[in-house]
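Per TrEMBL, the features are as follows:
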{"type": "DOMAIN", "residues": "1-144", "note": "domain '7TM GPCR serpentine receptor class x (Srx)'"}
{"type": "TRANSMEM", "residues": "21-41", "note": "transmembrane segment"}
{"type": "TRANSMEM", "residues": "70-91", "note": "transmembrane segment"}
{"type": "TRANSMEM", "residues": "111-131", "note": "transmembrane segment"}
{"type": "TRANSMEM", "residues": "137-155", "note": "transmembrane segment"}
Amino acid sequence: MNRLALLYFGARAEFFFNPRMTSVLLFFTISIPSVFSLIWLTPYATYGFDAKMLMWTYDSFDFMPSCDRIITLLTSTFSTICYVLLLILVLKKSSSPGNKVHGGTRRRDTLLTVQVMINGGYTVLVSIYFMFLRPYYVPYTIIYNAVDILLCVFWNGKSPIMHLVFNR
């Protein structure tokens, strides 16, 4: 969001990112997911790891998969909209005829935008796979479950890898 605000509002973005507003934004950024995480403390949403099948399983099939799908769909939709807006703004600014941005800054903005889009795109694709494709079209065998674990390991390691690739 801060990247989108900086590109869209320019110098006026300082209103959103002064110390007070940054504290407010951080509070909501942390508290909203935490509220959803409280669901895991209830008896309606418990899960465990089945070591024989190499997979995480829900003990409460009725409630949690639906809740997870709704949260994932909302998050993926919001993220995709932000990334598309970000890409449009970066491309619009870099191609405008009166643009006085130096080549290095333009290149850095483009690389950062590509990095963010790859990061967000992978997150959205893996979320769609786990929430919508995996339960209905992929069999629950040890091989596919091991691939799922590798997807998660790569998911958690993609940010440092991309940082090393894009920022050398």
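Cβ coordinates come from backbone N, Cα and C, glycine included.
Any TrEMBL annotation is an automated prediction that lacks curation.
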Tertiary contacts of the transmembrane segment (111-131) (same chain, 6+ residues out, Cβ under 8 Å): 3, 68-69, 72-73, 75-76, 79-80, 82-83, 86-87, 90, 148, 151, 155, 158-159, 162-163, 166-167
Overall pLDDT for the domain '7TM GPCR serpentine receptor class x (Srx)' (1-144), taken as the rounded mean: 76
